[in-house]
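Enquirer: Features from Swiss-Prot:
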type	residues	note
REGION	1-29	region 'Disordered'
COMPBIAS	1-23	compositional bias 'Basic and acidic residues'
REGION	137-242	region 'Disordered'
COMPBIAS	137-153	compositional bias 'Polar residues'
COMPBIAS	223-236	compositional bias 'Low complexity'
REGION	280-317	region 'Disordered'
COMPBIAS	301-312	compositional bias 'Basic residues'
REGION	497-595	region 'DEMETER'
REGION	739-810	region 'Disordered'
COMPBIAS	739-753	compositional bias 'Polar residues'
COMPBIAS	763-777	compositional bias 'Basic residues'
COMPBIAS	787-810	compositional bias 'Basic and acidic residues'
BINDING	970, 977, 980, 986	[4Fe-4S] cluster binding site
């Protein structure tokens, strides 16, 4: 009775908080029992069984009554929606009891818990026979409204309602069997609430094998087992705290067949029918697929080893198809599984891994077979139709999956755990969106593992895998920071920018259109005055630079080479982005591979190529003087050549020739002549030349345009007058005569990517061409259709009127371009492969030659010499691959027009010397730390408006000196600032010195170096000569008074003692015929003071100056002890970057040069002979030093080539030496090379390859009286002059010679220097490492 009272109290409490349920009529006792069962809260310790202690009425009820009570529950409508197959057959009680063990099967729980579209009952019952015991007792404390069960078993003695017996189609059946998605959540919440209210008595129970509901009659074995288990379940009074599952027998075969009903996207539900054979039948009418091994019961544990987790997983609403596909994870048709079916942490443990992974594929081969069975073949894909919401790669209409349990042998424990872990990771069930990164991080790595990874982290090692030059990368900055392990963020280096003012940009645009625009000199009076000052300043800078460089780098005035315009265009292709010695070697390879058949006499270099000289007119274009300027060693003249046409009209063509070449004549005739006196090959004027004025002594008449210029033209001789132009300084009037008529204004547009230029030509003769073009909007510019220019019309215009240029020896091609054009591009690329960028350059060269043939009919660009400079510039810019710098090189060096190319050397020098102002640099960046320099085009924008008024000769020499100065002194890396003659004006040097001195205060005026200079016999007081520091750290100018004060003599107190001469040698006394030794002091007589001639010739010879009048020499040269101690120069001096060879200058008529080509007339460099040291071989790096044992023993000469002592003795006895011939580069190139030979130095020679390998035996008597010089051999001019003093560099260019390559006279190809002549230190190190 006490128990019943407690039950009633609980019942009252529950009624107060739960809605009333419908009462079952006719069964009052059972109704109260079920109410007690419904509202009874079971403790969390045990909720596995029905509590019989709290339900006393249940002890007195028989099984029939219990079944009748269950049948009454079914009759109220709780079983509506169950499958028809399960309702038609009777199922024993034990099957109902054992069916709860299928909770671990995903198909009996989560995927079958789909709500169905049926009428829900307002009653809420505890014993829903459609639910498994696991679902019945495993509930939570939540309270929800009851939902109709999914599957209802037919109970004995009762039948379903009329609605259940109503036949329905497959689609309706699937809908009733599944339920609506919205009701699934409510029903599961209700079950959790019911489970939380139950109490399970602690009864011991026998392990029961799980059974599967199936259609038809059950097997006998299953029915017998069901009877036994049901009787045990009815009579048991005690249960264990922890019930253990029983594994099915391994021979038991179970398979599941699915039924898919294809509905709309919102009504896609499927019903599942469990057959008695263990299959799940689907409602589809298609054929069943073959059974496939699948992990259907992968989470059935081996036994109850721990308490079941109370909190369940989150539920999802995935259909049965997606849940099935989530197990296989096969891409688009992957099985989707809810989180409710995921195994717990205890189930994933390695201890139970065998039971968990029992039905999964053991390897990838079985997985492959599984996928082959699931994914249909092409035949099956054709006939199947998939719903819109499902993937269309697999057919999931019918799947018959089979699970086989076989007895297996015991495996290795370690291997099993490892494989189980791998398989578990591979088959881990995931959400549809995938596992988050945070979950992966937490599962994969622990704190200790992360700490270990950070300890093993190496930034240097990890940085190797990162791409370079990435702005977000972290790198170690410099060595000082690298030692401290400091990390700085990498930032891309930015180039400094030139500070361009608007006026400079305006004039630059005008100069790009025409050099004779009115606005070039300024738009107003103030601007004109400003431009005049700017240009005068830059003219002074240019002249000062040229004057200093002449002293150091030698004379580099204009001297024309042979070659055509096509040669120069191809030459600028090859000189892009590479050193000059590499590009020149590439061109020499092309010339050797495609030689030109010379029709001219090889000895014509010593003949006058224009031999018909009748008159030569000397023209001095200097307006200040009326006489010609003094001739230098190799002066340059402007020759006037006549070309007679059919009408006897003479077109005088201005060409360039040296003093050793003959000049063409001007025949006197009373006829019209078109004279081209401009040295830049532009038409100047049409002039009526009077024959009498040509022969007479008067001035040549000119038109009004050249009235000012005519004043400076005078006739020097009447019989033979030379036409000479002093172009070192040209008045501004000459520049205005660049062309006679104003050219048509053009608007030029350049496309760098496609390298094609088009222009819009506007013909307007009324308006001046110097007007500034109007700016167009971008839209109008895009809409305007650009027309291509007909360049062939420009050629026809230049050749019209019989003015076509005929090819001469000086304008002949140096390469057979037609043969090169017909050659395969790959062959051309292989020829210039040593230069680099060979494939791209080969394509550009061939495309350029094809363009000439296509547009002009021949490979000839000599007509560009006769067109206006602006037109020539536009045409060259239209060639693919030529930029502004390349075009300016062709115009200045080949067409001889006014231009100034700015290459990398010129741009770097202009910035360092301060010629080009830069925008303010960052505080931490100093001038000497600059690694990148402004864009060359911006440098040219600033320089060209200020240098455009210079003449072509000055611009040529300035350009030649600047590029050589950049190679020798002002290199990009480690410039030779100590020996630089321009360091007083260099900002780079000032910044480096100031940084080295840590910005010390400026030196005071008294901080100067004083040198006492004493005269030997003078009684005057010593004079102090003050040398200011070469570094100008301050720019303040001193007054003249201050300078004069510093030069005042200093009076010494006491005075320095005079030198005493106690004893003199007899040689110190002068001798005379009449008076011998009359003077005690040989230095008293001023007439006999030794005279030292400081010139080039006397400086190299040690002969005494002979007085021819007296017959004997009274002048003696005092040889100091220091001079006497200077050793004799060796034949070969090997250094790190260069090798010095003692060479002899060979005259042109020397017998040694028999078989060599005659030296070019314009070539100022002679042939040289380099002597071999006895015992040297071709590969000898150092002179031999070993001694011969055979010669020391019996004075017998050996026959070894490397024996120094024996070979020296043999050469001394035979009076012969071995030598190699050095050929002048201009002679080796036969006087023709692109870009006027600026690739080479003025004193450059090539080593004859034949005599370098097989030296020539030369008698010593033929060379003992020859002039001796020093030849510097190395890999490049920069490496040769690196680290030398300014005196050594000066001697190198003025007295010495440079050699960087060999030359094969047979095939005319460049060769590398043999090791005897020069071997780089890199090759020496490589050889030493190889020998070690």
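Positions of Cβ are set from backbone N, Cα and C atoms, glycine also.
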Enquirer: Of these binding-site residues, 970, 986, which scores lowest on Cβ atoms within 10 Å?
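Expert: Candidates: the binding-site residues 970, 986. Fewest Cβ atoms within 10 Å: 970.
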Enquirer: For the compositional bias 'Basic and acidic residues' (787-810), give the DSSP counts of helix residues, strand residues and coil residues.
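Expert: Secondary-structure composition of the compositional bias 'Basic and acidic residues' (787-810): 13 helix, 0 strand, 11 coil.
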Enquirer: Around residue 977 ([4Fe-4S] cluster binding site), how many other C-beta atoms are within 10 angstroms of its C-beta?
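Expert: The answer is 20 other Cβ atoms.
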Enquirer: So which other residues, same chain and not among 970, 977, 980, 986, have a Cβ within 8 Å of the centroid of the Cβ atoms at the [4Fe-4S] cluster site?
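Expert: Sorted by sequence, the hits are 912, 969, 975, 976, 982, 983, 988, 989.
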Enquirer: Please count the residues of the region 'DEMETER' (497-595) that DSSP assigns to helix (H, G, I), strand (E, B) and coil.
Expert: 69 helix, 2 strand, 28 coil
Enquirer: In sequence order, what residues of the same chain, 6+ apart, have a Cβ less than 8 Å from the Cβ of residue 980 ([4Fe-4S] cluster binding site)?
Expert: 969, 970, 986, 989, 1286
Enquirer: Give the three-state DSSP assignment (helix, strand or coil) for residue 970 ([4Fe-4S] cluster binding site).
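Expert: Assignment for residue 970 ([4Fe-4S] cluster binding site) reads coil.
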